[in-house]
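Structure record follows, encoded as structure tokens.
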Amino acid sequence: MERLEEARKRLEEAKRVAVLTGAGISKPSGIPTFRDAEGLWKNFNPLDYATPEAYARDPEKVWAWYAWRIQKVREAKPNPAHYALVELERRILSRGGSFLLVTQNVDGLHARAGSQNLVELHGNLLRARCEACGKRFPLPEAFAPPPFCPACGHRARPDVVWFGELLPEGAWERAERAFAEADFALVVGTSAEVEPAASLGRIAFASGAYLVEVNPEPTPLTPLAHLSLRTGAVEGMALLLPPSPEDQAEGHLS
């Protein structure tokens, strides 16, 4: 309990907060993770669906899989952990601090919950990107895959980062800078195994940030964390960010 109280105190006093989230934060919303016992990669080989080579071989197969995932994402709703991060952002910004949320997730749930200062490191399932002109555009509620670019009419691909691809331009630089400058870093629901995102916690620690991890299982980041909460994202965020009397009176974090 002493470590938890210390973490809460540090968070209340923090001026520069950086947060990294992974698949574990969206699991309570019904979005499957990738690497646990029930994860997507247990039933689907990533080399068959999530590489440029797989798309070049069989774009229809890849799009059919993504259309299924997109439907799952549209059916999902943000959960209390997503909303807790929206509230954390509000608190930090209201006292003149800086806040950046970096997510490895492509489900768009952080944006739907209301997060403003957000970097979607691996893209967004609800967008497509033209293979010819590069235009990004939101996918309509109903579409027949593959979609076509509204600007030039060329076929579009999912606007996500596949294995072997570079991150979106500027995304990594913004994320790295936020974690290097943070005085409080929070890592929620990630195995801390996928680079380069896995290095963000280490960057923050090396720069002197107070580091908190929320994950049911230990990760490579655990030995560095000042506090590791061995629990799910919803429970962990509730422990770390209990509502203040003012928030309860105003209806925040309800």
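Using the three backbone atoms N, Cα and C, a Cβ is placed for every residue, glycine included.
Residues or ranges marked as active site, proton acceptor by Swiss-Prot on the basis of sequence analysis: His122. Per Swiss-Prot, NAD(+) binding site is recorded for 22-41, 104-107, 189-191, 215-217, Ala233, and the stated evidence type is sequence analysis. Among the features that Swiss-Prot reports, substrate binding site is placed at Tyr66, Arg69. Per Swiss-Prot, the feature Zn(2+) binding site maps to Cys130, Cys133, Cys149, Cys152. Summarising the annotation, Swiss-Prot assigns domain 'Deacetylase sirtuin-type' to 1-250 and lists sequence analysis as the type of evidence.
Among the recorded positions Tyr66, His122, Cys130, Cys149, Cys152, the ones whose Cα sits within 10 Å of the Cα of Gln104 (NAD(+) binding site) are His122.
Considering only the binding-site residues Ser26, Gly30, Tyr66, Arg69, Gly189, the residue whose Cα is spatially closest to the Cα of Cys130 (Zn(2+) binding site) is Tyr66. Across the structure, Pro216 (NAD(+) binding site) and the residue listed as 'active site, proton acceptor' are spaced 23 Å apart at their Cα atoms. If you take the C-beta of Cys133 (Zn(2+) binding site) and look for same-chain residues 6 or more apart in sequence within under 8 angstroms, you find Cys149, Ala151, Cys152, His154. Around Gly189 (NAD(+) binding site), the C-beta neighbours below 8 angstroms that are at least 6 residues distant in the chain are Thr21, Gly22, Ala23, Gly24, Ile25, Ser26, Lys27, Ala81, Val214, Asn215, Gly232, Ala233. For the domain 'Deacetylase sirtuin-type' (1-250), the predicted model reports an average pLDDT of 92. Mapped onto three states, the DSSP output places Arg69 (substrate binding site) in helix.
In this view, the densest Cβ surroundings among the binding-site residues Gly22, Gly30, Pro216 belong to Gly22, judged by other Cβ atoms lying within 10 Å. Nearest neighbour of Gly30 (NAD(+) binding site) by Cα distance, taken over the recorded positions Tyr66, Arg69, His122: Arg69. Sparsest Cβ environment among the binding-site residues Ser26, Gln104 (other Cβ atoms counted within 10 Å): Gln104. Between the alpha carbons (Cα) of Arg69 (substrate binding site) and the residue listed as 'active site, proton acceptor' lies a span of roughly 15 Å.
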